[in-house]
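Participant: Below are the features listed in Swiss-Prot for this protein:
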BINDING   118  chlorophyll a ChlzD1 binding site
BINDING   126  pheophytin a binding site
BINDING   170, 189, 332, 333, 342, 344  [CaMn4O5] cluster binding site
BINDING   215, 264, 265  quinone binding site
BINDING   215, 272  Fe cation binding site
MOD_RES   2  N-acetylthreonine
MOD_RES   2  phosphothreonine
SITE      161  site 'Tyrosine radical intermediate'
SITE      190  site 'Stabilizes free radical intermediate'
TRANSMEM  29-46  transmembrane segment
TRANSMEM  118-133  transmembrane segment
TRANSMEM  142-156  transmembrane segment
TRANSMEM  197-218  transmembrane segment
TRANSMEM  274-288  transmembrane segment
């Protein structure tokens, strides 16, 4: 009797790479999205650190008045920022090889565009990696859906808004004070505080914080005691235990009596869906608001003051907001134009004689 033994062909290098990339046994899951995420985020992070420390001033307004943003050029952690790409570049794709020299690339703010584009690609891949890992583990996909809210917000301020305004110089600077400067200028030019989508975003963020604090405090206050009074209550929990760690009936009864019965969830699953959905939907609306205001579909304005029967102005809060917006706009790019855009756009009165 003859036995035929087949030699098992060794798996190709590509096959082993595919198995390693998609293995859920790795300490950190990589996935196919991770193949793109890792180099893009490493590039964005490396260039950000180097530029924040040592980048030379950038001609952000395109008027040959460079603005310094790095630590070595006089800034500190609060005032430092990666200055957006120059208005002279506009929306042009501006990699290093498009500039005549590295000095020119730095002067025109090339690092900002490099960081932003790599960062957005990286966080989008991170979101895809969340979905990919959930899929391979047999989980539902809602973690990636929740993460889409900050991804949408980042895309709105770093990409959609510059596209709508016609230049990457209008993007948000990458720094603490630069972020606040962006917010102030955005209010001056678009009246974002009077935009309903921004209001929904505020409700989402602050409401989410409130609900998170309420949920955490209710759970912590209704733990099922498994320890003595001399031990921490946290020691009564063992990772993976099947038993409930808190009494949802007690928490439901407390909150129902504190407010009213139907203000309290009696279903843990619907409760946690609500905790996730509220801030996510709010931030989605904020990102949508930024994206619409990018194309100058601005917040409500009340430029026509209320007047009485004699034609005298009755001052309202709207008048104060309008004056504040004009003041902020005057301070913005003060050397690029002499008047706020709202005033400069008004047709000059005709004169006779």
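Glycine is treated like the rest: Cβ placed from N, Cα and C.
How buried are the listed features, and what sits near them?
Facilitator: The DSSP secondary structure for residue 118 (chlorophyll a ChlzD1 binding site) is helix.
Every protein chain shown contributes to the tally, and the Cβ of residue 126 (pheophytin a binding site) ends up with 19 other Cβ atoms within 10 Å. Reduced to three states, the DSSP call for residue 126 (pheophytin a binding site) is helix.
Look at residue 170 ([CaMn4O5] cluster binding site): DSSP puts it in a helix.
According to DSSP, residue 265 (quinone binding site) sits in a coil region rather than a helix or strand. Annotation for residue 265 (quinone binding site): spatial neighbours 252, 271, 274, criterion Cβ-Cβ under 8 Å with sequence separation of six or more.
Over all protein chains present, the Cβ of residue 215 (quinone binding site) has 17 other Cβ atoms lying within 10 Å. Classification of residue 215 (quinone binding site) by DSSP places it within a helix.
In the three-state DSSP assignment, the secondary structure recorded for residue 161 (site 'Tyrosine radical intermediate') is helix.
Under the three-state DSSP scheme, residue 190 (site 'Stabilizes free radical intermediate') falls in the helix class. Sequence-distant contacts of residue 190 (site 'Stabilizes free radical intermediate'), defined by Cβ-Cβ distance under 8 angstroms and a gap of at least six in the same chain, are 293, 296, 298, 299.
A Cβ distance under 8 Å defines the sequence-distant neighbours of the transmembrane segment (118-133), meaning residues of its chain 6+ beyond its ends; these are 24, 29-34, 36-37, 40-41, 43-44, 47, 139, 141, 143-144, 147-148, 150-151, 154-155, 158-159.
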Participant: Measuring Cα to Cα, how far is residue 333 ([CaMn4O5] cluster binding site) from residue 264 (quinone binding site) in Å?
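Facilitator: Approximately 51 Å lies between the Cα of residue 333 ([CaMn4O5] cluster binding site) and that of residue 264 (quinone binding site).
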Participant: Should residue 272 (Fe cation binding site) be counted as helix, strand, or coil on the basis of DSSP?
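Facilitator: DSSP assigns residue 272 (Fe cation binding site) to helix.
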Participant: Near residue 170 ([CaMn4O5] cluster binding site), how many other Cβ atoms are within 10 Å of its Cβ?
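Facilitator: Cβ-Cβ neighbours of residue 170 ([CaMn4O5] cluster binding site) within 10 Å number 23.
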Participant: If you measure from the CA of residue 272 (Fe cation binding site) out to 10 Å, which recorded positions from the list 118, 126, 161, 215, 264 are inside that radius?
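Facilitator: Of 118, 126, 161, 215, 264, within range: 215.
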Participant: For the quinone site (215, 264, 265), what does the 8 A shell look like? I mean other same-chain residues with CB within 8 A of the CB centroid.
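Facilitator: Going along the sequence, the neighbours come out as 214, 218, 251, 252, 255, 271.
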